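One structure is given here, and the rest of the page talks about it.
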Amino acid sequence: MEGVVHTGSDASAFKECFSLTWKNPYVLRLAFSAGIGGLLFGYDTGVISGALLYIRDDFKSVDRQTVLQESIVSMAVAGAIIGAAIGGWMNDRYGRRTTILIADFLFFIGAVVMASAPGAPLLIVGRVFVGLGVGMASMTSPLYISEASPAKIRGALVSTNGFLITGGQFLSYLINLAFTKAPGTWRWMLGIASLPALLQFILMLLLPESPRWLYRKGREEEAKVILRKIYPAEDVEKEIQDLKESVEAEISEEGSAKINIMKLLKTKTVRRGLIAGVGLQVFQQFVGINTVMYYSPTIVQLAGFASNRTALLLSLITAGLNALGSIHFHSVGLLAGVFHETTSHAPMISEVQTSHFSNYTCPDYSSARNPGAWNCMKCLKASSPSCGFCASPTNKLLPGACLLSNDTVKHLCHGESRLWFRGVCGGIAATANWISNLIVAQSFLSLTEAIGTSWTFLIFGVISVVALFFVIVYVPETKGLPIEEIEKMLETRTLHFRFWERSQKSQEKIQAV
């Protein structure tokens, strides 16, 4: 999102979103109808923490066997891994809208199965159904929003999906607290998720498919009708033409070879960057942060608060802080500063260099109102479709070309002894995150039972220290460094414990730039 780097752009994008309330409410309908998937994502990952207390009261087998408790929690994560994998294929084959409808159906079935479960096995089956829906919604909702939103406010609208996830988690704690004295307690907590799933299902039935997907499937007229509803009259014809060119270029290059993971890993820079990315994702889970979300009331009870209601009340504080995101906002501020520094030293985009690959120009760059302001970082953020930066053949810091991101273009770039920038390992790191999440969710209670709560959290603490050293050794400091220097750091990375000090050469490079 452009707003992460340029705060002025971010503020203007959100102002533009609010103005849609009266200018074009249709776009908001599209965005917030799809965004309910984020709310369901947050709700279904958070609600189990409180429901588990009352499930243990009703099913003595669950109370006696911690592995059953862990399975009830973690099977949703296992389902999410499968759902995300299936969701990618379904998005391409059947469309974004259809995938969201199927995710809603799975949410609804899962919620009903859980609410009516006579025992732990069927409860686990319901959790798998819900997990499948979570996995599909986690990738499809933001994709649908991005493809059905005007370019100027796309980032702001997609970000609402993230807000709805944390909002859904906070809502789940409130719902848990509201039903603590109701007959059936946990059945209401888990079953109420069927209502927003049903609401989204109805809303999505009344909304169209993504215009980009329609165009790819040869349904141009349907796509044009939707674009005319999304964009102002003066912009719509240009957007239709841009979409046509973008999709045609994308389809024409789809026959190119797929990325070979083994060849990827043999590239030193990519391999070390991948180690850093995957390591951070794995440690992010193994330090135990998700145990707080999945098991917060149980942890409170382990600390000596026996009452279920008291445990839920105290856990609500954690959920509230998560929703308010006070720590998160500080982290985002720091990241924004780092990205700003990186962006300020990124090589610019040259119209001359880009026109050298005239058939492969990035569509977002072609349609930009001010292409002269584009640099490498902005090119890499283009998402409809994704784009990459082909560096100057003489010097990687000189202006280069902003092109479509696919194997054909990459080979053309490499064929002229140019460097190709494009992130291709994010999916591997994300998969590592999900799998690590599953391992932690499935093992936490068994650990507390086997070695005690204090030792379990001591292990998390030790892993945190190991994670710190991992960052020191494998994750280089990139603040204020040009991309060329970052690449060299990954190529020559050695044990460097005095991470707070930058080498003299790096300092000279920054000053020279």
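Note: Cβ is positioned from N, Cα and C throughout, glycine not excepted.
Per TrEMBL, the features are:
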DOMAIN    30-479  domain 'Major facilitator superfamily (MFS) profile'
TRANSMEM  30-55  transmembrane segment
TRANSMEM  67-87  transmembrane segment
TRANSMEM  99-118  transmembrane segment
TRANSMEM  124-145  transmembrane segment
TRANSMEM  157-179  transmembrane segment
TRANSMEM  185-207  transmembrane segment
TRANSMEM  273-296  transmembrane segment
TRANSMEM  316-339  transmembrane segment
TRANSMEM  419-435  transmembrane segment
TRANSMEM  455-475  transmembrane segment
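Same-chain neighbours of the transmembrane segment (185-207): 29-30, 33-34, 36-37, 39-40, 43-44, 47-48, 50-55, 58, 97, 100-101, 104-105, 107-108, 110-112, 114-116, 126, 130, 133, 172, 175-176, 179, counting only residues six or more beyond its ends whose CB sits under 8 Å from a CB of the stretch.
Two recorded stretches are said to be in contact when at least 3 C-beta pairs lie under 8 angstroms, sequence spacing 6 or more; the transmembrane segment (157-179) and the transmembrane segment (30-55) meet this definition. Between the transmembrane segment (30-55) and the listed ranges 67-87, 99-118, 124-145, 455-475, the one holding the most Cβ pairs under 8 Å is 124-145. Taken as a whole, the domain 'Major facilitator superfamily (MFS) profile' (30-479) shows an average pLDDT of 78 in this prediction.
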